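Among the features that TrEMBL reports, domain 'Nucleoside phosphorylase' is placed at 33-285. If you look up TrEMBL, you'll see Ser39, His70, Arg90, Phe91, His92, Ala122, Ser226 marked as phosphate binding site. Positions annotated as purine D-ribonucleoside binding site by TrEMBL: Glu207, Asn249.
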Amino acid sequence: MAHCVEDSSRYTYEEYKQTADWLLSKTEHRPAVAIVCGSGLGALGELLKDQMAFNYSDIPNFPHSTVPGHAGRLIFGNLNGKPCVCMQGRFHSYEGYPLWKVTFPIRVFRLIGVETLIVTNAAGGLNQDYKVGDIMVIMDHINMPGFAGQNPLIGPNEERFGPRFPPMSDAYDKDLRKLALAIGQELGFSEKIREGVYCSLGGPNFETIAECRFLSSLGTDAVGMSTVPEVIVARHCGLRVLGMSLITNKAVMDYNSEATANHEEVLQAGKDSAKYLEKLVTLLIQRIELNNNVF
Ligand code: HPA
C-alpha cells in the first residue's frame, strides 16, 4: 500500500485503545455521554457531581489545549444522575494540530463506551434574525475546509471505527434536536433557541465582510472554527450527535459597520449566556435515552 509521509505520524488503533484503557483504569466512571465545551463554555464541566478530572497533559497520547478560555481538562462525573465525560477545552486546527489529532478524544470516547456526543461551540451569527446569546441547535453543517481536502478521515480507513465512506446527511440526530427544542420551551426561553446550519472555517482570523456575505448566501446561519471535524469522526464511529452553538457575536456583513469581532467579546458573551446552555444540557442529559451498548 502506498504511504504518504504523514501516515506514520497518525494514531494507531492501539494508541486510541491505550488511552481508553488508561482512563478506564484510573476512574470508575463509565460515561455514556460526552460533552465538548466550546470557547467560554467550560463552566458546564463544573456542574458534574462526583468529579474526577485529568489534565490533558497527564493523559497518554492526548494533545494539549493552547487557547485562552479552554482549560484543558477531561472531567468525569454525573450530571443529573447520568454518567458523563466532559472536555473542558477542545483542539482546533488553527493551533497547528492536524485534524486527526483534533479529533483524537472522540474515538477514545467511543472506546470507553460513550454513545452520545454533545458538542458546543461559540459562533458568529450570520442569520440576521439571530441575537447575541441565542442558542442554535445545529441541524446541518458545511465543512468548508473539506472542500479543500481537509478532513479528519483522510488517510487509511480504520474499519474497527467505521466505513470508508460514511454518510453525513443524518449527522445531527433528529430526536435529540427535537428534544433540545422542546426543553428550551419547557425552560421558558424558546425565543432564544434556533435551529440552523453551522459552517466551520479553519481560522484563526475572523471572517472578512465578503466571506460573511458569501457564507450567508450559501445558507449558513452561524460560523465558527471547530466542531465539524469532531462530528465527522463521531458519526464515522457511530456516535449519536447533538451540536449547539452559542451565538457570541453578530458577524459583520456591512461595509459601513464599525464593529469587528474579537475573542474577548466571544468569551464575555459566553459568560453572560452560558447559563441557558448549561440548563438546556443538564435537563437534556437527564432525558436522553441510552442503550449502553459498550463498544
Ligand atoms: N467567526 C468565527 N468563529 C467564531 C465567531 C465568528 O464570528 N464567533 C465565535 N467564534
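Just so you know, glycine gets a Cβ as well, placed from its N, Cα and C.
The Cβ of Glu207 (purine D-ribonucleoside binding site) has 21 neighbouring Cβ atoms from other residues within 10 Å, across all protein chains displayed.
In this structure the alpha carbons, written CA, of His92 (phosphate binding site) and Glu207 (purine D-ribonucleoside binding site) are 16 Å apart.
Each residue contributes its Cα atom, and for Asn249 (purine D-ribonucleoside binding site) and Ala122 (phosphate binding site) those atoms are 9 Å apart. The binding-site residues near ligand 1, defined by a Cβ under 6 Å from one of its atoms, are Ala122, Asn249, chosen from Arg90, Phe91, His92, Ala122, Asn249.
According to its DSSP assignment, His92 (phosphate binding site) is coil. Cα to Cα, Ser226 (phosphate binding site) and Glu207 (purine D-ribonucleoside binding site) are separated by 14 Å.
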